[in-house]
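Novice: Okay, handing you the structure first.
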Amino acid sequence: MCQGEAAGRGTAKPQDQGWAWMVLLAAVVLQGLTLGFPCCIGVFFTDLQHEFQASNSQTSWFPSIMVAVLHGGGPLCSILVKRFGCRFAVMLGGLLSGLGMVSSSFCKSISQLYLTAGLITGLGSCFSFQAGVTALGYYFVRWRTLATATASTGVSLGFTVWPLLSQYLLDEMGWRNTFLIFGGILLNCCVCGAIMRPIQLASGSLPQSAKPEEEAGSRAEETQLSNGASPHHPTLQQHTRRTKCFQILQKYLAFDIFCQNKGYQIYTIGVTWMMMGFALPHIYLVPYAIHNGVEERKAALLISIIGFINIFIRPLTGLLSGHRVFTGRRIYLFSLATLLCGLSNFICVISAEFSVLILYCVILSIAMSGVGALIFQVLMDVVEMDRFSSALGLFTILESITILIGPPLTGFLVDITSDFHYVFYNSSFFLISAALFMGLSFCALEKKNKLREASKARLDNPSRYQYSETSTEPKAESKSPPAVEYITSI
């Protein structure tokens, strides 16, 4: 990671000052180019159907693969970050994204789009986005919540610009030339990566985070050798291979955290389930509006309205969630935002008039602001920062599975019934159930931790409860920490 080069520039801490704000600006652009890009695919949905004579289900596989790989390539991104650093991963992602879209402009079938725009562009976007988020976490400590929320406004900018630009280029040049231009635009991820120069941390740097596991594996091997086993013995070789596989899984997929950290476990399961319905409105809103007689330019404007409102709401959400009152309780804000997302979908079921759809976009954008601003901040709350990259890898690869299968299954249902309302029914079901699961589970976990702390306090000080247990028990509870036990970083 060129740490020696960074150390040679001085001993001043780079966090929260100086070049960190340039990294934040690069992260804003990165999230606009990567996370914001899939929102414009709905603009091309009808043209791609006509071009390749494809059904709703077949066409929806293209954006589903792109978004799924964008989220699910986390382990590969973790390997790149740990071996080569964030800058390399971001720039490699930019090259892959541009190559994928340029190749897509020459596709002759919808299945070829699955490979070029879906797999290659999605993987490149994954490298650029996730490496950018990881770099941001190391450049900001005190202002991490605000920086994360501000960076997520890049998604809002992408949501605002990409659909309008897509519709304009589609009308002027057709979808093939538009995809070719998009390839050049996505190459700007390389510029953002060049800004994210390596830093030297006092402790907890990326390469050092793997040392405990490596030492554990070396100690196990030394124990075998001290007992007289030959290093070339088949049993020892099998044990060594198993140890190395376990180290790789622990380092890049964080299964140990998933098994031991209840907060991370609940959050990962909840978000994974939520993603079955979260992406559906983004993919099907434009086709739904066009299907109900809304003009194409107005239909594309709906996605831009969502993005434009997000620009202003996301920073406010970040400031609000960064207040000390919400320390350890940001998960409840996230669950509330998810619940509002699910409830807002019923507006589309009531009417498909353009004015009603604008109202839907306003409410949905407010709810999405909470989800977008908090999703990674909550993850940083429930795991240690030196394991964040690994935790992010498992987190995203699990949610990518549901992102991949959600839109095609819903598209298949629409093909059978010829009723677009099922898009919003399905989305509401997954979002509402996920919000209730996360909120209630974390509430139960918090109560369990408080009871454990109170019980521990009674065991540590039995004399305090010998004669007046009823009167002193509230004091023991009042001394329990305000934040729940699973919070490990602020």
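Glycine too: its Cβ is placed from the backbone N, Cα and C atoms.
Straight out of TrEMBL:
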- 211-222: compositional bias 'Basic and acidic residues' (COMPBIAS)
- 20-451: domain 'Major facilitator superfamily (MFS) profile' (DOMAIN)
- 207-238: region 'Disordered' (REGION)
- 462-490: region 'Disordered' (REGION)
- 19-45: transmembrane segment (TRANSMEM)
- 61-81: transmembrane segment (TRANSMEM)
- 88-106: transmembrane segment (TRANSMEM)
- 112-139: transmembrane segment (TRANSMEM)
- 146-165: transmembrane segment (TRANSMEM)
- 177-196: transmembrane segment (TRANSMEM)
- 266-287: transmembrane segment (TRANSMEM)
- 299-319: transmembrane segment (TRANSMEM)
- 331-351: transmembrane segment (TRANSMEM)
- 357-379: transmembrane segment (TRANSMEM)
- 391-410: transmembrane segment (TRANSMEM)
- 422-445: transmembrane segment (TRANSMEM)
Novice: Roughly where does the domain 'Major facilitator superfamily (MFS) profile' (20-451) sit in mean pLDDT, to the nearest integer?
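Specialist: The average pLDDT of the model in the domain 'Major facilitator superfamily (MFS) profile' (20-451) works out to 83.
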Novice: Count the Cβ pairs between the transmembrane segment (19-45) and the transmembrane segment (177-196) that lie under 8 angstroms and are 6 or more residues apart in sequence, then report whether there are at least 3.
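Specialist: In this chain the transmembrane segment (19-45) contacts the transmembrane segment (177-196) - 3 or more Cβ pairs sit under 8 Å.
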Novice: Is it the case that the transmembrane segment (331-351) and the transmembrane segment (266-287) touch, counting contact as three or more CB pairs under 8 Å in which the residues of each pair are 6 or more positions apart?
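Specialist: The answer is yes, given that the two segments have at least 3 Cβ pairs within the 8 Å cut-off.
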Novice: Compare 61-81, 88-106, 112-139, 266-287, 391-410 by their Cβ pairs under 8 Å to the transmembrane segment (177-196) and return the stretch that comes out on top.
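Specialist: Against the transmembrane segment (177-196), the leading stretch is 88-106.
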Novice: Which residues of the chain, 6 or more past the ends of the transmembrane segment (357-379), have a CB below 8 A from one of its CBs?
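Specialist: Non-local partners: 133, 144-145, 148-149, 152, 155-156, 264, 267, 271, 278, 281, 285, 289, 294, 302-303, 305-310, 313-318, 321, 330-331, 333-334, 336-338, 340-341, 344-345, 347-348, 388, 391-392, 395.
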Novice: Grab the same-chain neighbours of the transmembrane segment (266-287) for me: Cβ-Cβ under 8 Å, and only residues 6 or more beyond its ends, written as numbers and ranges.
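Specialist: Same-chain contacts beyond the flanks: 38-39, 41-43, 45-46, 56, 60, 63-64, 67, 71, 163, 258, 299-300, 302-303, 331, 335, 338, 341-342, 345, 348, 357, 364, 371, 375, 378-379, 382, 394-395, 398-399, 401-403, 405-407, 410-411, 414, 420, 423-424, 426-431, 433-435, 437-438, 441-442, 445.
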Novice: Should the transmembrane segment (61-81) and the transmembrane segment (391-410) be scored as in contact, given a threshold of at least 3 Cβ pairs under 8 Å and pairs 6 or more apart?
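Specialist: Contact confirmed: at least 3 Cβ pairs fall under 8 Å.
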